[in-house]
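What TrEMBL annotates here:
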DOMAIN    78-222  domain 'Pre-mRNA-splicing factor Syf1-like N-terminal HAT-repeats'
DOMAIN    241-323  domain 'Pre-mRNA-splicing factor Syf1/CRNKL1-like C-terminal HAT-repeats'
DOMAIN    326-486  domain 'Pre-mRNA-splicing factor Syf1-like N-terminal HAT-repeats'
């Protein structure tokens, strides 16, 4: 029974009775859309229709003064109790004061407002509502008192001043409103307050007073906007001289201000309206010279539009150039190491033709030296110097200045880390154009001593060769080869020079020195030049020896083919001697063919025995041999080569990558005749072995059978 008794804490209810039974969630079996869809609007409308009527308290009708006094006492007690609980709640004070106002008990209402202000006098909304109540009920002096106290305690709240002034103006008390404005202005408020004061005076047509306020305004807040408003005020009143004076004073005081662009534009537009186009042009130009380029975008646009409207062709072009100049100035200011922007800027100035400006831009550009001594940073920068020197020489025609530019450039380049052959060569060519050969030689000599390069040697040798100084050329080649002994180009050109001078032995000696070098950058070109040299001299035996020496060093396919072609071409050389008898020529042809065949046979033997894996090279060699035999005509023997040609086989092999096999690829393999014979022999050998093993196994089986019979 004890468990069924109620719990006193639960109002003598049992636990089961206090449990909240939630409806079991129904499982939706059919999730297909219903045939009739219900919108959210229908659901809300139906819920509103089913709502019960709102229960409102009944209206209380008061019939006599006693009942009214009781009602007032009860309401005041409620408000006072509420205030004691939430004294800081402003809405309670406002409701209390408005209720007292509704009862026409204005003294009590004022008392409530005063008590509320004692709680928090910094809340300007309370002052506004207090003053509105006084004004609404036409207690003007009381309202004045409230406004006066409010603006005294909260002078930085503009709304209080506006409301106070509006009340006095509505009452027609213009002098009083002006006095309030003066009190307000003594606090030096923001711009809108001054403008309101000026509009107030203008409403009563007090132009002089408004002008005096403007003077005080621009002294208190010396901003560009204030001066422009002052000047427009004078312009509106037809005082052009005064307006211009305002602009001039503003320019004197605010020429370096951040908003100076707006001031200059307004000043120029003012002069434009006054038909003073020259004055406007001067203002624009003065502004463009004094305002930083980054803040003069609108100014440039206005100036271009002005010149298009009033200027001549020269002025328009100057304005357009000025606009583009501004863009380039902005780009180089953001990134002074962007040399492409400097090039564009320089081209613009060169198109204008002002030498001083061009030089100034060039000097500013070359002052931005790359921060790191790495050639890739200097490759674009060095062209600034080159263009500068070419401009001074060709356009400005200032020869001493050009020489100084080249000299300063060569001093600036870090030659120990890297150099620019182009600059050295241009400096030397400049001296040659000035007929200063010793100066050019001095420049190139310094280049070879400080920063030797292939281009410098080649150009220096070319210059001396044109002048016919062979001894100087030889010395330069010697210096060249001392600096770069592996340079096959230099060796070849040196030998070519000696050959052109009919110094065959010297040329041959140079070639011998060249091929004896331990390291060469392109030895194949050097050997080819040496071989061509001996062929041109008709030294066939020496040529053969050279080929043999070359084959000792490399067995490359091209060397074999070139050697064979040389032996075959010797036949053509012999045919040129038409004075020889026919039988002698025939014998010589046969000899040449045999030599060529011997070369091919040696090559084939080498590839067959020493490098059997180079099947493709061997096949190509046979193709060349076959073509050569065909070119010999009747003297050729095609069958000699055809029997040696391989068969082409298409095979597949697995592609191997780091992760493992990755499919198959097709390739061409070559099967040569001796390989096919060997493969046939291998097959016969394997068959013989298999037969032998089979016979041996049969004999073993017979022996086992005999042993079994003996046991039985």
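Placed from the backbone N, Cα and C atoms, the Cβ positions cover glycine too.
Taken residue by residue, the domain 'Pre-mRNA-splicing factor Syf1/CRNKL1-like C-terminal HAT-repeats' (241-323) breaks down under DSSP into 70 helix, 0 strand, 13 coil. When averaged over the domain 'Pre-mRNA-splicing factor Syf1/CRNKL1-like C-terminal HAT-repeats' (241-323), pLDDT in the model lands at 78. The residues of the domain 'Pre-mRNA-splicing factor Syf1-like N-terminal HAT-repeats' (78-222), classed with DSSP into helix (H, G, I), strand (E, B) and coil, number 114 helix, 0 strand, 31 coil.
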